[in-house]
Structure formats: structure tokens, C-alpha cells
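Working notes, beginning with the structure itself.
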Amino acid sequence: MVDARGSTPCLIGDSIRNVNDGNSLDFQYTNQFNEESEASRLLTPQTSSNHALSKMQKDDDIRDRSYTSVAELNREGALLTDEVDLENVDASKVRSNRDDLEAEEKRKKLLLLKKKQRNKSINSESFSSPSLRASKSNSLITSTDPVEDHISKYSSSGTPENITGEADDEDEDIIRNSYGQMIKNNSNRPHLAKGESYQSAEQEIDHTAPEKSEKRQERSGRSFDRQKSSAEFLRSLSRSISRGPTKNKTVSPSKGEDSRMYSTSNYSISLVDLENGPKIIPETLEEEQEDAEKEGVLMEDEGNEEYTKDLEEAANKAQPQ
């Protein structure tokens, strides 16, 4: 920092903050530059605004045309400001909650109307001729599960009978399977809560059914197969229990030690025979070997086997002389 006289202040024993540099050349040049820039800005305000606008336009040209900036909307008057009369805003296109409620009510009415039409079509199909229903049931493609399991009776003319009266018990037992065939409903048998069992239900089915082969062909919830498999399982279980070893076997005191038995799941032997087993087996093998030697079955390895005279004579004749 140099003052007007060209000398530098001495900082020995003093601080730089206490130095008066108002007369320095650097301070005078800085103040003069700031005053000139402020005067030029005050004299030409229109020029600065035009420069800013041109710069914005250049930026807009460079930017993507599909994007609209907030500044553009504000210049065009698209944004609501304090200068706009908010009371005169056109709100005719704004949807209210009342319109939503009316639309919801209309939608519910349409759904109810469609449901009624569907019920009418189902009722009309149920009153159709039995021949048409039979032709539909024969096809696996067109057959569907019925809405109601109750099947009404038809007269020879094709009109339904006993529609208003009470349904018979036979009709309640008849249902339609997934193939469209009419079968008896035996899915609720046996009724275990009433004390029935699978054996009683199987006997009842065999007694009431005219032919057993036809009963097996019906698909009544596979109740017949379940009853049969359960009966077979019970029989096999009783057989396996009867084959098992007798746990409560009494031993008579007169037999003594010979009555002690070694039992397994399949057989039982005496403990005496079990202890004497290693001695009995070699004796049995020796006896069998002696019997075989007596019968002439075994041959010695030394080559001094004894043959009968007939065999020796036949062998001598066969040898070439």
C-alpha cells in the first residue's frame, strides 16, 4: 500500500487497521471505477433490460421448443397474478363432487339392469325343452356347471311340472356333474355326526344300487372310492395287528428254563437252542459229510478213487491198444 507521497507506512508497533489509506492511489482508483459503473447503469436502464431480454430469447432458441418455461407463461399472461380478477374466472369446465355422485349412481343403475337381464336369461334357459338341454349336456365344450342343483321335472309336452309345489326328495338327490351328466348326490354320506360309518354307508349303497358297475361309473364326489379305500385300510390294519407278536404270553412254571423264549417280530425260539447253536451246527455238518461219503457222492483229491468193476472194464476196453 503506497500513499500519495510514494512512501510506505511503517507497521512496527502498529496495526494495519490503524493505517489511514484514504490518500492512497489504489483507494482512489477503486472509488472512481465504482462511481462510473453506477452512473452508466442509471443513465441507460432501457439498454440493460433489452440486453436481458435478448439473452432470454437466445436461451429460448437454444432450449427445446416442446418445453415452456415459467417466464414465458408469465409474459403471455397464462399465470394468475394479483392483477387478474379471480371472481370472474370461468369454472364451467371444473368437475364438482355432485357430478361424481351422479355418475356413480348411473353406474350402479346400469349394473343392476345387467344383473336383472342375466337372471332373466338364466330362467328362460331353465324352462327350455329337455331335448335341447340333453343335447347341450352331451358336449364337453358347451357344458357348464348349473346355477342351481335342483332339476325340475318335465312333461311330455316340454313344460315344467311342480314348479310352485314342493320339490321331491329324488330331485334333491340328483345333481349335474362337471361333464353335464345327471347323477345322484351321495357326497353327504356317511353322516359321521349322526353316528354313521363308512361300512354302513357301503352296505346301503350296495343294497340300493341296482347294478354295481353303474354305481362305480358315477362321479358323486368320489364318495364310493373313499368308502372302499377306508374299508380296505381297516382290514389291512386288523391283519397286520393279528400277525404281530403276542406280547402277553404266559409261561407255565413246570417247564422251567426250557420255557424261556427269544421272540422277534416274525418267529420265536428257545433260549436253550440259541445258546447251543454254535455246538449243534458243526455236528450237523459232520453228519451230512459222512452220509455223503457213504453214498459215494464226494471224491477224494489224491486220485485214489475207487470205482466199480464194470466201470474199470469199460474204461480198459475204450483205451486204444
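Here the Cβ of each residue, glycine as well, is placed from N, Cα and C on the backbone.
Predicted, not measured: the structure shown is a model, and the values here were computed from it.
Annotation comment: Swiss-Prot describes Val2 as N-acetylvaline, evidence class a large-scale study or a structure entry.
What Swiss-Prot lists as region 'Disordered' is 37-63 (among others).
Residues annotated as compositional bias 'Polar residues' in Swiss-Prot: 43-52 (among others).
According to Swiss-Prot, the phosphothreonine annotation covers Thr44 (among others), on the basis of a large-scale study or a structure entry.
Residues or ranges marked as phosphoserine in Swiss-Prot (evidence: a large-scale study or a structure entry): Ser49 (among others).
Of all the Cβ atoms in the protein chains shown, 12 others lie within 10 Å of the Cβ of Ser69 (phosphoserine). Swiss-Prot lists Ser69 (among others) with the feature phosphoserine.
Sequence annotations record features per position, and here Swiss-Prot assigns region 'Disordered' to 115-270 (among others).
Taken from Swiss-Prot, the feature compositional bias 'Polar residues' covers 120-145 (among others).
The phosphoserine annotation in Swiss-Prot covers Ser121 (among others). Within its own chain, Ser121 (phosphoserine) has no residue 6 or more apart in sequence whose C-beta sits under 8 angstroms from its own.
Residues or ranges marked as phosphoserine by Swiss-Prot on the basis of a large-scale study or a structure entry: Ser126 (among others).
Annotated phosphoserine per Swiss-Prot: Ser129 (among others), in sequence order.
Swiss-Prot lists Ser137 (among others) with the feature phosphoserine, giving a large-scale study or a structure entry as the kind of evidence.
Marked as phosphoserine by Swiss-Prot: Ser139 (among others).
The compositional bias 'Polar residues' feature in Swiss-Prot is assigned to 153-162 (among others).
Positions annotated as phosphothreonine by Swiss-Prot: Thr159 (among others).
For 178-189 (among others), the entry in Swiss-Prot reads compositional bias 'Polar residues'.
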Within 10 angstroms of the C-beta of Ser242 (phosphoserine), what count of other C-beta atoms is obtained when all protein chains are considered?
-> 7
Cα separation, Ser69 (phosphoserine) to Ser240 (phosphoserine) (Å, whole number) | 90
Summarise the compositional bias 'Polar residues' (178-189) by DSSP state, stating how many residues are helix, strand and coil.
-> 0 helix, 3 strand, 9 coil
For Ser242 (phosphoserine) and Ser69 (phosphoserine), determine the Cα separation and express it in whole Å.
-> 95
Cβ neighbour count (within 10 Å, all chains shown) around Ser240 (phosphoserine) | 9
